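Comments concern the structure below.
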């Protein structure tokens with residue numbers, strides 16, 4: 001599908017996606033498990049997964065059962081791991097060959113029960129080494145592993161953890177987590193339990209902590225061309241944002257100095273100027289908190305122009321100065337030429353992940369520059 005002229009639009013460069021993938025592969029000997037949860041971080045999960053599967057990505061990660069089944073329904077045959085525990089509908093997931101995360105005894109029993117009627121459950125056991133979100137410490141992890149290893153119809157395929165501070169320059173806590181993970185692996189080994197797939201590394205750890213790579217690595221935000229932190233950005237400057245988000249100009253007018261714009265009239269034109277209205281607002285995913293901040297800019301005709309006044313639900317206004325702008329022209333809200341999603345996120349004290357995943361359903365998506373497998 002090409003660009004629809006009258007609506008907000010996210011253009012996804014599959015060539016940039018492939019370049020980022022190649023950069024990640026060059027950094028590790030481990031296989032890649034690419035997270036495509038949250039609609040591939042806003043980029044469109046089925047389409048992104050299809051391209052990555054063509055390029056040989058063997059594993060995908062999702063957050064929910066629905067996301068896993070969506071990929072299978074889209075024809076994705078690569079391995080899929082659900083990161084969170086699932087307690088219902090497990091039989092359908094097992095039948096589809098989806099790998100399941102077990103985080104404690106309760107989630108283990110749910111899998112064991114389902115495998116009693118549909119054998120072949122593939123399990124990745126999550127151990128908590130310091131993130132504090134899912135999983136249990138060593139002793140409880142070992143007990144759950146022993147239960148799974150005895151269960152009929154269940155294969156304990158993986159052991160994994162999540163690193164909480166891999167994106168920070170101080171690596172001390174990451175080293176603590178990796179030591180705990182190694183201790184857990186050793187304890188399983190002493191109990192006679194072999195786990196084929198070990199994984200801990202996220203995007204940040206892939207670049208900053210080679211010792212965390214194990215059998216699989218899970219680069220999420222990096223695949224889409226963004227960095228987990230400024231520290232990681234310095235280590236991986238070659239990444240390119242995959243998405244260019246744009247929206248059409250729907251109205252243009254000249255205003256006199258002193259003219260108020262948008263709710264509350266908080267911004268008044270400092271001079272005679274031209275203001276363009278752009279068909280994009282906070283309902284589409286543009287943070288209202290960026291209103292009247294230096295970070296709030298769009299790119300029109302190659303020039304960065306400030307957003308003025310408060311961002312509205314469906315629209316925002318731009319001071320285009322002396323540019324001759326016409327209705328139908330497109331303003332770039334973020335993309336590889338800037339501003340980037342990281343730039344905008346910094347203006348409201350958040351991260352690029354949040355902006356990318358908050359894009360609304362009124363944003364159309366198209367995919368360009370598909371790349372064949374080498």
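Just so you know, glycine gets a Cβ as well, placed from its N, Cα and C.
Per TrEMBL, the feature active site, proton acceptor maps to 37, 263. Among the features that TrEMBL reports, substrate binding site is placed at 133, 313. Positions annotated as domain 'Alanine racemase C-terminal' by TrEMBL: 242-368. The N6-(pyridoxal phosphate)lysine feature in TrEMBL is assigned to 37.
Looking just at the domain 'Alanine racemase C-terminal' (242-368), the mean pLDDT is 97.
Neighbours of residue 37 (active site, proton acceptor), defined as other CB atoms within 10 A of its CB across all chains, total 19. Sequence-distant neighbours of residue 313 (substrate binding site): residues of the same chain at least 6 apart with a C-beta under 8 Å from its C-beta are 281, 282, 283. The two recorded residues, residue 37 (active site, proton acceptor) and residue 133 (substrate binding site), have Cα atoms 17 Å apart. Within its own chain, residue 133 (substrate binding site) has 162 as residues 6 or more apart in sequence whose C-beta sits under 8 angstroms from its own. Its own atom aside, the Cβ of residue 263 (active site, proton acceptor) has 11 Cβ atoms within 10 angstroms in the protein chains shown.
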